[in-house]
Every structure is written in C-alpha cells, then in structure tokens.
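A short write-up of the structure that comes next.
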Amino acid sequence: MPERSDSARPGRGSCEPGGASAAAEAPPPVDPDIGPHALRRRRELRDAPWAVLAAVSLGGAIGGAARGAVGLALPHQAGDVPWATLAANLPGCLLIGVLMTVVVHARPDSRLLRPFAGVGVLGGYTTFSAHIGDVRDLLEAGAPAGALGYIGATLLGGLAAVWAGVALTERVLGRRAANVRPSGDRSGGGDGEATP
C-alpha cells in the first residue's frame, strides 16, 4: 500500500480527492480535547511545546489576575452568596461558547488561540474549584438552601451561558444550525457545490 503524505492525512489537508488545502501549509491548531495517545497530539507537543506552554501561561496569568480583581471588587463573608464567583463563572462560560465557535468556524488554523484564550485566559478566569469551596462555606454556615440554589445557578447558568455564547456567535458568523439542510448541504457557506 502506498504511503500517504502528511497533506493527505485527515486534519492536515483536504479530505477531498485530488489535493490538499491551504491548511496543509500551516501547522494544525492545537486541540486539547484529543487524547494523549493520539499521534497528532504527540507530534504537536514534540514540535512546539514551548509556544503552547507560553500561550497557556500568559493567558492563565491574565485570566487569574482578572478573576482576582473580580474577587476584590465583590468580596463576601462565609455564608453570603459568593457573587464574585458567579460574576467570573457565568460570563466566562459565555465567552467559552463564543471562543469555541470562533475557533471552529472562523479561525480553525489559529494554533495558539485555544491554548491562550481558552485554556489560559478563560481557564484562569473561571473558577469551579472556588465554586465547590463556596458551597462548603454555605453548608457550614447553615445555609443548605443557599448552597443548593448556588449549585443550580452555577451549573444551569453556566450551561445556558455557553449555549447563548454559541448561538449568538453562530448568528454573527452566519452559520446557524438551521442553515444545514437534511441532505447535508449548507446554505450561506461552504464551497457552493451541492451534495448529492
């Protein structure tokens, strides 16, 4: 069996017969969602670990500093509603929905966007570990109803915020899911060729 070039492998070039896309010339985007044993992930880490680590570190410093500023602006005592954590997590979830949609639809070849903005900035800004500590504080202060409401507000609010971020960004980018026809054709995008 003949060996395929890198540009013909999935994720490196076009899956269409007869050629590679411009994406084959640029390094593939770093995808933190794939498993550690995948060949592509190992190749990414071997080829440019310092750029990825620098992007995540810089983004984490920015996000952590922003979260710290929110905590200083909205302090709370044990047993009070931790508004600072909600003020970080809910908008952070909205921005995660925006970012992931932008990465998938508008900037798929941007190698360091997800590590910098997603893992770094938004990972440093959002704080679900502090959320659990806040729940413990509410329970220890004798406010189980407040703890339960806070859990619900964080989880449901976070999911709703991600959904809203995705939906709004798809609308702005003109890639609404309603544009996908049952036959697989996309209106408002693609290469203009119909799928039989």
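Along the chain as shown, the residues are counted starting at 1.
Using N, Cα and C of the backbone, Cβ positions are placed for all residues, glycine too.
TrEMBL labels come from automatic prediction, so no person has curated them.
Remember, it's a predicted structure, so these values are computed and weren't measured experimentally.
As recorded in TrEMBL, the features of this protein are as follows:
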{"type": "REGION", "residues": "1-36", "note": "region 'Disordered'"}
{"type": "TRANSMEM", "residues": "50-74", "note": "transmembrane segment"}
{"type": "TRANSMEM", "residues": "86-104", "note": "transmembrane segment"}
{"type": "TRANSMEM", "residues": "116-133", "note": "transmembrane segment"}
{"type": "BINDING", "residues": "Gly123, Thr126", "note": "Na(+) binding site"}
{"type": "TRANSMEM", "residues": "145-168", "note": "transmembrane segment"}
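Long-range Cβ contacts of the transmembrane segment (116-133) within its own chain (Cβ-Cβ under 8 Å, at least 6 residues beyond either end) map to 32, 55-67, 82, 85, 88-89, 92-93, 95-96, 99-100, 103, 150, 154. Around the Cβ of Thr126 (Na(+) binding site), the number of neighbouring Cβ atoms within 10 Å comes to 22. Look at Gly123 (Na(+) binding site): DSSP puts it in a helix. Every protein chain considered, the tally of other Cβ atoms within 10 Å of the Cβ of Gly123 (Na(+) binding site) stands at 19.
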